[in-house]
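> One structure coming up, written as C-alpha cells, with questions to follow.
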C-alpha cells in the first residue's frame, strides 16, 4: 500500500538544492588553499576516516529489519551535506579569528571526524525522523559542535586534537536529548527488531569501524601518531575479548549475543581516544579497553531497564552505552593520567585538571541544551513528524520491492 508523504516530496528536494547552492557560493568566497602549508595528514589516513563514517556507520545502523535502505542512504546524504557545512564553518572561523589557513585535506579530514557526532546522534533517533528533520538536525548540530569546540579551545585552552575527540561525547548526548521529544514505539512492534540478516550487515559495519578506529584516533594527533595507533589497537583488542567474555556470562542460556558484540567491541577505541597519544604503556590502554567494554555491556542492561524508562527516552541504537558512557570513562581516565603524570607540579596540575573537566562539562552541557532545543524545533507541525505507526519503515520513503 503506497502512502503519499507530501512533506517529503515538496520540501526535501528544495531544501537540498537551497543548501547546495549556498555551499557553492560560500566556497567561492571562503575556500582558499593557495597560502596553506602542506598538511601532515595523508590521503590514506583521510580515506580511513571517510570509510568509517560512510561505510562503517552506514552499515552499523542497519540492524532494524525494515530500515536498511534508510540507514545507509540517509547516512550518506547527511554526511555529504554535513562535511561541506563543517568545512565552511571552519573557514568562517579562520576568517573571523584571523587564524592561519589549513591544507584542504586536513579540512575535510576534520569535517569527516566532526560528522561522527551527527551519525551517532542519528542512531539515537533512528527510524523516527524524516529526511527533512535529519538534514536540519545535521546543520544545527554541526554548528553547535563547532561552537563547543571553539569555547573549549579559546577559553579552556584545550588542544585541537584533544578537543576534536569530544565529538563522540557530543554526538551521544545531543542525540539522547533530541530523542526525548520523539514517542517511544510499542514494545511489541515487529519493526523495532532485527533479523539474522540485518544483524549480520550491522556487524559488518562494526568490523569496519573496529578496523579503522586507530586512524580515527590518530588522524589529527600533532605528536605521537604511532603511539595513538597502537594504543587504540590494544584498547580495541581488549574490549573485543571482554565483550565475548561478558556476553557468555550475562546471557541466561550461556550463548553469545550479537547486540553485546555489536556495541562493546568498539568501546575501547571510544574510551582511549582522549589519551591515545599520551599513554606510554600499552597495558594501560588495554585496561581502559577492558573497563570500557564492561561499562558498555552493563550500561546496556541498566539503560534498557532503568535509565530510559525513568527519563521516558527511547535510544534506538543504544548510543548512550555504546559511545556516551565509554567517552565519559575516557575523559575521566585522561584526567587521572594527567594527575599521575604531573603529580610533582601542583600549580600546573590544578590548571590541567580543572580545564579538562571543564571541557567535558561544557561539551555535555552544550550538547544537551542544544539537543533539547533541536528536538523541540523538529517536532513542530511545520516539519510533520512521522506517526509512531510509520516508525522504522523503509517503504515510507523508498521504492521497495518484495
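Even glycines carry a Cβ here, placed using N, Cα and C.
Relevant sequence annotations retrieved from TrEMBL are reproduced here:
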- 12-31: transmembrane segment (TRANSMEM)
- 29-392: domain 'Ammonium transporter AmtB-like' (DOMAIN)
- 43-64: transmembrane segment (TRANSMEM)
- 76-96: transmembrane segment (TRANSMEM)
- 134-151: transmembrane segment (TRANSMEM)
- 163-182: transmembrane segment (TRANSMEM)
- 203-222: transmembrane segment (TRANSMEM)
- 228-249: transmembrane segment (TRANSMEM)
- 283-301: transmembrane segment (TRANSMEM)
- 321-340: transmembrane segment (TRANSMEM)
- 352-380: transmembrane segment (TRANSMEM)
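Tell me about the surroundings of these features in the structure.
For the transmembrane segment (76-96), same-chain residues at least 6 beyond its ends with a Cβ under 8 Å from one of its own Cβ atoms are 16, 19-20, 23, 26-27, 30-31, 53-54, 58, 102, 107-108, 110-112, 114-115, 118-119, 122, 131, 134-135, 138-139, 142-143, 146, 150.
When Cβ-Cβ distances below 8 Å are used as the criterion, the transmembrane segment (283-301) is approached by residues 231-232, 234-243, 246-247, 250, 259-260, 263-265, 267-272, 275-276, 318, 320-322, 325-326, 329-330, 333, 337 of the same chain, each at least six residues removed from its ends.
Same-chain residues lying 6+ beyond the ends of the transmembrane segment (352-380) with a Cβ under 8 Å from its Cβ atoms: 121, 129, 133, 136-137, 140-141, 144, 147-148, 151-152, 156-158, 163, 166, 169-182, 328, 331, 334-335, 338-339, 342.
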